[in-house]
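Asker: Let me give you the structure first, and then I'll get to my questions.
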Amino acid sequence: MGCSKLIAGMFTMLLLAPAVLATDPDPLQDFCMADLDGKTVSVNGHPCKPMSEAGDDFLFSSKLAKAGNTSTPNGSAVTELDVAEWPGTNTLGVSMNRVDFAPGGTNPPHIHPRATEIGIVMKGELLVGILGSLDSGNKLYSRVVRAGETFLIPRGLMHFQFNVGKTEASMVVSFNSQNPGIVFVPLTLFGSNPPIPTPVLTKALRVEAGVVELLKSKF
């Protein structure tokens, strides 16, 4: 009797629940060009434009053909090709970036919370570093990767690239997400909005408050 009441109650809740958008782990159509202006709320992508409005340009992009401007504080430039820049990737679970480096330039320590990354160095020599989790003893895995060679970064692990050569360098990376996300560690720690309280950082980093305030001023 108790089980019957439970089932009846659950069925009633389902009938009274508001309509929701469901998702499927695989695409349900050939293409789904993102309607970036769409107002429909979904949990794993943008709503699709009608195919009659999509044309065929959404299958192609030349954005990564041009090098970025490396005259930045980090000496590097990231050109993103995620769903916001290439709506054709919507629901397909893929995206790409190009990163260009001046000599001595770095792509500072960062994390992609939603994607594994695989990359190829197109030009130059890059020191690629991947930091394991506490389970691995915070081990640093690193190697100088040269033109034509590849590297792999598991989802969620902190990593960086640094141009160890005397000439410009570039790499192209792919992600298994249309929106891999990025958390730059220095910017997150010292440039968050609102700021992380200084006492938290002095304890965590084991430094004086003046050091923390100096670092915050840089971001």
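Every residue gets a Cβ built from N, Cα and C, even glycine.
Whatever TrEMBL says is automated annotation, not expert-curated.
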Asker: If you pull up TrEMBL, which of Cys3, Cys48 shows a disulphide to Cys32?
Answerer: Cys48
Asker: With an 8 Å cut-off on Cβ-Cβ distance and a minimum sequence separation of at least 6, pull the same-chain contacts of Glu117 (oxalate binding site), or say none.
Answerer: Leu152, Ile153, Arg155, His159, Val173, Ser174, Phe175, Pro180
Asker: Compute all pairwise C-alpha distances among Asn97, Asn107, His112, Glu117, the residues listed as binding oxalate, and give the largest one in whole angstrom.
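Answerer: If we measure all Cα pairs in Asn97, Asn107, His112, Glu117, the largest is 14 Å.
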Asker: Counting only other Cβ atoms and using a 10 Å cut-off, which of the binding-site residues His110, His112 scores lowest?
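Answerer: Across His110, His112, these binding-site residues, the one with fewest Cβ atoms within 10 Å is His110.
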Asker: Could you pull the average pLDDT for the domain 'Cupin type-1' (62-213)?
Answerer: 95
